[in-house]
């Protein structure tokens, strides 16, 4: 197939993600011989040992340091440390950098070691397992299992590797497994061994089994397996129904035995454990801007000029230190010296503080009791700490419908049978009680509610169409039945829809009781009936239907089918035209009520038709190449000329607070797009229910074209009617907001091109079009996006999981806006991972969306609190933290810049090295942390009452390049005052005895003290929300500074460490101290001579 690269950018993008995320396999096929390790070892298959830990005692230090120094910040500070070890360019001691660097590396290393240890303790590698060896069962650890071994599992045990099920203790060699750790689904699933191996339950038979399996190489496709078993000169096709995957748990099965096909890193579980793309915030990207090099270059040029014009005059008695031999080389060294001195503008403590603040914000989300769901006992969880401030900048929300906006708890509400509608509630439903089924049906579900007596009467009088309709519901499904006690049935369905339909049939007298691989047993109006199950034609996202072929006790063969009406109506016999029109009207009515609909049909088959088709079906099932395509073609062949029975409508109610949440988020200028697989009518009704669509809207645009031309015409017509799109710089400016857009999945990507399934991150097969696209085509996507962004609400219906991700990627690519995707099912994973922020709803469809998300909770209504409270506060706090941090560090660092003009640009520091080391670690770190963690501008109630307060984050008003340079200007102004006022005061001041007051110690301490006081007062002024912690940190830091100041300038430390502490407060030792300073800083001699000479001249005048 030839790819049209210029028109399929988005497909290429996703294909590249697919390629980069998963492993390429050199293995073209796998051969496994049972109980023959010597043969299997020739292929060097992976062992079952999985190292979930990255380190051990020997490798921890080098590996962890290697990982940490891949961070740009750590490498940068290591580079500074190396510079400080060069005497010719360093005027600071090495410990000013190594102390904070070692502190950061140590804290990170401890965290990594702890995480790694926790990971190690959760692995199953050392769990015991039973396997057959030399005709006997032996106990062995998981890690010692090899490909080709036959192992025995017992009830409630984890599956140790990817196994081919050989036998089971259950009848018909069935096996029940739970796959929650694999795909998040908590419902049990059934697996069955081949009939030829089902009798191998005896240990001796299993130990002597020598079958050989030829199958696909290791891959990440959880729902597919293709292989062939060769045994006793026969070959048998293998499918996913014969496999037990690592990570599953054996349930309700006493024991089973299986042949290891894939072990360790080759298992499908490990093949799907690829890394998720790391997400960074816009603030992170802005912080990486370097601002030091221009200033360093200016000072280096100043040093060159000074050395050439002034320093050259002193070469006779103050020569350059080797290897300096000219003023240019001196300038080169000065450049690197100022790199060291001025690095405090962006110190390592900045990165540490940012992570601490983000961690604090994450805990606030986790601890928020208002986001705790008592019904499900689920709290909100921040699964990442890197995106909190991005929550305050969201402009687009992409939401799933079922299970996200709705409860995903289905109830059978209405139905249409043979052209007659059932299920209308009486107008005074409050006065009516639901039908009582228990009086005549002891197996009825007491929680089932239905009000229409006419359907029950039709069942009682024996209307054939009604009975056949209910028979379809009781037979065409994959539900498992468990009888807790006599007459108490518990259904375990893979989807809530199926459970609701089977429960409805149960209450109306067609009770599904049990199933075996070859039979389905029901009770029809109290009479037990067993049907022979001839074939199951599975449901998938492409087929959108499911069928079963059964033989009733009288020997009649019939195909029963249920599926989407758009798919099923195309396959009906021509005689159904009138009934189809009536049923379509009912379906539109149900969809208008927001109900989920399915159509039901059947087809009678003669014995000859069945035999001929069954032969083709077996041939396709045994195929080793293109097996799925062959099966799909065979399914399509039999699902034709069906007779329509009717349609079902199940209700999925909105979650609590959804309309209010959407209304509040809309007032915050957040645009919400709903991406759903439901019918257009259902999606529109839900849109009205949750207040996305309103009656006062000017127009609702509908794009429903099936061809490129029709979609283009509809988009261009709608774009003419919609208001002009605001320029990119003012996306959130007022637009009319009275328009809505509804577009179908086939208008986004053409149906005719659904050909190639591509396995994506979300563990599903998605239909990908590389042949034809409509609204997402390169030359049409701009029109679609402009129309959609001009509308207040957008609903995409009948979309596949891949199309959801493509829509999100389209907005990300063309709009400089933060996107958020929220969903609850495995089909939402790719959308969640594509968006800037992914939110998972822990609902009825397992936890796969939660595992792929950045944040999770149990109700959609919590989203408003996550964004408008936690997100807005996180953005506000981070911006205030960064503004103040850069201000205080520029005020601190720029004093060195001004001092350079008075010390011959020699890179001499103003402050002593201990103050430089402690300034960002002790004196100013805690107050700014307190502000970054606790600060507020308004209480949380006001944030929810006034959603417009969210806008500054969307417009990025609080921290951008303009705000950054304002902080720099304020810091520079403060540094000018801090330097020149003490200089002006002390340069000409004298003591009472005539001795000049100006000295290096006095000037350094005065400037440092003024700096600490000024920045402490400034953060007190900037703090908007005072807590006891703020008071303690701000005033405590001031007290700590003066305590350390008096201690370090005392004679005690000087007497103990005279070379390290040159400054002291006692005059007796002052000459020695001054001599030590001048010996270390020869350029200061010339500076002091100039100052004294100027003072002498001025005094004479």
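In case you wondered, yes, glycine gets a Cβ from its N, Cα and C as well.
Predicted automatically and left uncurated, TrEMBL annotations should be read as such.
Matching 881-902, 1079-1100 against TrEMBL, the residues noted as transmembrane segment span 881-902. Taking the Cα atom of each, residue 677 (ATP binding site) and residue 400 (Mg(2+) binding site) are about 9 angstrom apart. Between the transmembrane segment (881-902) and the transmembrane segment (964-983) there are at least 3 Cβ pairs closer than 8 Å, counting only pairs 6 or more residues apart in sequence, which means the two stretches are in contact. Long-range contacts of the transmembrane segment (914-934) within the same chain, counting only residues at least 6 positions beyond its ends with a Cβ under 8 Å from a Cβ of the stretch, are 92, 95-96, 99-100, 103, 344, 347, 349-350, 353, 356-357, 360-361, 877-878, 880-881, 884-885, 888-889, 892, 1004, 1008, 1012, 1015-1016, 1019, 1022-1023, 1025, 1027, 1029-1030, 1033-1034, 1036-1037, 1040-1041, 1044, 1048.
Cβ neighbours within 10 Å of residue 402 (Mg(2+) binding site), excluding its own Cβ and spanning all shown chains: 27. The Cβ of residue 596 (ATP binding site) lies under 8 Å from the Cβ of 402, 410, 497, 649, 650, 651, 652, 678, 682, each of these being in the same chain and 6 or more residues away along the sequence. In sequence order, 674, 675, 676, 804, 822, 823, 824, 825, 827, 828, 831 are the residues near residue 400 (Mg(2+) binding site), counting only same-chain partners six or more apart with C-beta under 8 A.
Take the CB of residue 827 (ATP binding site) and look out to 10 A: across all protein chains shown you find 24 other CB atoms. Its Cβ taken as reference, residue 798 (ATP binding site) is surrounded by 23 other Cβ atoms within 10 Å in the chains shown. Summarising the ATP site geometry, the residues cited as binding it (400, 401, 402, 498, 539, 562, 596, 676, 677, 678, 798, 804, 827, 828) extend over a maximum Cα to Cα distance of 25 Å.
With a cut-off of 8 Å between CB atoms and residues at least 6 apart in sequence, the same chain places 545, 546, 563 near residue 539 (ATP binding site), listed in sequence order.
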